[in-house]
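**Student:** Pasting the feature list from TrEMBL:
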- 1-188: region 'Phosphopantothenoylcysteine decarboxylase' (REGION)
- 5-176: domain 'Flavoprotein' (DOMAIN)
- Cys156: active site, proton donor (ACT_SITE)
- 184-392: domain 'DNA/pantothenate metabolism flavoprotein C-terminal' (DOMAIN)
- 189-400: region 'Phosphopantothenate--cysteine ligase' (REGION)
- Asp277, Lys287, Pro303, Asp304, Ile305, Ile306, Phe321, Lys335, Lys339: CTP binding site (BINDING)
Amino acid sequence: MLKGKEIILGVTGSIACYKAVEVVSRLRKLGANVNVVMTDSAKQFVAPLTFQTISCNPVHTGVFDIKEYNIEHVSLAKKAELIVIAPATANVISKMASGIADDLLTATVLAARSKILVVPAMNEGMFRNPILQENIRKLRRHGFLFAGPSKGGLACGEEGEGRMIEPSEIVDEVVKLIGARQDLKGKKVIVTAGPTREFIDPVRFISNPSSGKMGFALAEEARDRGAEVVLISGPVGIKAPQGVRYIPVTSAEQMRNAVNNAFNVCNAVIMSAAVSDWESSGCAADKIKAREGPLELKLNRTPDIIAGLGRKKGKRVLVGFALETNGLIKNAKIKLKEKNLDLVVANRASNGYPFGSDTNRVVIIERSGKTTELPELPKSEIARKIIDKIVNIFTTKVRN
Ligand code: C5P
């Protein structure tokens with residue numbers, strides 16, 4: 001849920017520090033990379049070694065620790081998607097509200113452009129103090145987010161408001177802020193990927209250089225957003241993602257059968273596979289002998305899988321790809337219409353690109369004719385944009 005997310009956890013001097021260790025552990029279990037920044041007072045409560053061991057990263061403490069050529073507070077601030085300050089004392093809250101940057105944590109906060117979540121922990125009297133409340137209001141106005149405190153037993157022996165919320169609640173807040181959206185929960189999505197191979201004899205085939213990277217990225221994105229994913233892929237050299245049903249196939253015919261088997265119970269099909277358009281009219285039983293002169297092959301059209309789905313799609317969302325060397329938008333629009341698709345992702349093939357590349361440049365075309373031209377992006381980012389569009393279509397289809 002937090003795979004690949006960079007989080008800074010700022011820990012300040014409160015007895016609730018020991019609970020911050022569990023926050024790190026939970027964030028890591030969800031896939032986040034956590035860098036812990038401790039203030040000097042925090043080090044009085046929990047040893048940096050504890051955080052270092054749990055986070056699997058060095059713990060950052062001094063503003064003057066300069067790593068290589070990076071100024072640490074700036075480099076930390078740059079790479080984080082979220083800064084969580086838990087526990088946040090009255091002292092650090094008021095320092096942040098005044099723009100003070102006299103230690104690594106406050107300097108990092110001042111340099112940050114990411115979201116900042118503050119999780120207060122203090123005595124009730126301190127929390128209710130009007131100066132602190134004014135500082136919290138000021139930080140909120142500047143976009144700082146707050147979670148808690150809750151009411152309950154405080155370290156001083158009193159009962160009251162000021163208790164840091166529980167580690168599980170802090171992690172829930174983090175997931176809400178930066179976690180993968182679960183907007184495909186309850187949906188079943190088929191993704192096809194890679195090339196197909198059409199054998200002309202036992203050792204030779206017709207195929208293309210598709211790497212499967214786009215389809216695999218789509219399957220991962222759909223999975224991360226809560227969908228149940230069936231990934232049907234031709235032969236590729238990359239590892240199947242975890243948490244999806246993976247069906248490896250070889251030929252267009254096998255891909256069609258696998259897609260049709262899963263089709264009835266699915267809500268969407270994304271055909272990103274580069275299905276071969278032709279197959280040999282009959283695969284020779286033995287290896288064709290090399291003789292002098294040309295070899296003539298008779299090729300038949302393979303089943304057009306997506307066109308077949310388009311004829312029986314019902315309420316399902318159907319997404320096709322169009323790889324063109326010329327007339328990109330015109331040809332893609334024709335495919336969208338003829339194959340009864342909801343979306344077509346058009347991309348240009350030139351000098352081997354985008355085969356095997358980690359990036360691509362695509363234009364997403366909707367049924368309404370709306371086109372979205374994306375700059376060159378990692379395939380994972382393109383997958384996110386395509387899934388966004390699919391979610392949009394689901395939402396409009398439900399409304400209609
Ligand atoms: O016509 P063209 O092959 O360019 O169409 C591309 C789209 O059609 C892709 O989504 C591809 O997966 C799908 N396709 C198919 N069956 C075929 C050939 C392509 O479903 N035999």
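Backbone N, Cα and C define each Cβ position, glycine as well.
Quick one: how deep are these features, and who are their neighbours?
**Tutor:** Cys156 (active site, proton donor) is surrounded by 13 other CB atoms, counting those within 10 A of its CB over all protein chains shown.
Over the domain 'DNA/pantothenate metabolism flavoprotein C-terminal' (184-392), the average per-residue pLDDT in this prediction is 94.
Phe321 (CTP binding site) falls within a strand segment according to DSSP. Counting every protein chain shown, the number of other Cβ atoms lying within 10 Å of the Cβ of Phe321 (CTP binding site) is 24.
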**Student:** If you count Cβ atoms within 10 Å of the Cβ of Pro303 (CTP binding site), leaving out that atom itself, what do you get?
**Tutor:** 16
**Student:** Indicate the candidate from Asp277, Ile305, Lys339 with the smallest number of other Cβ atoms within 10 Å of its Cβ, considering only these binding-site residues.
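**Tutor:** Per-residue Cβ counts within 10 Å for the binding-site residues Asp277, Ile305, Lys339 bottom out at Asp277.
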**Student:** Do me a favour and check the Cα-Cα span between Cys156 (active site, proton donor) and Asp277 (CTP binding site); whole Å is fine.
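**Tutor:** Distance between the two Cα atoms comes out at 74 Å.
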**Student:** Roughly how wide, in whole Å, is the group Asp277, Lys287, Pro303, Asp304, Ile305, Ile306, Phe321, Lys335, Lys339 that binds CTP, by largest Cα to Cα distance?
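**Tutor:** Largest Cα to Cα distance for the CTP-binding set is 37 Å.
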**Student:** Can you tell me the three-state DSSP label for Asp277 (CTP binding site)?
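**Tutor:** It is coil.
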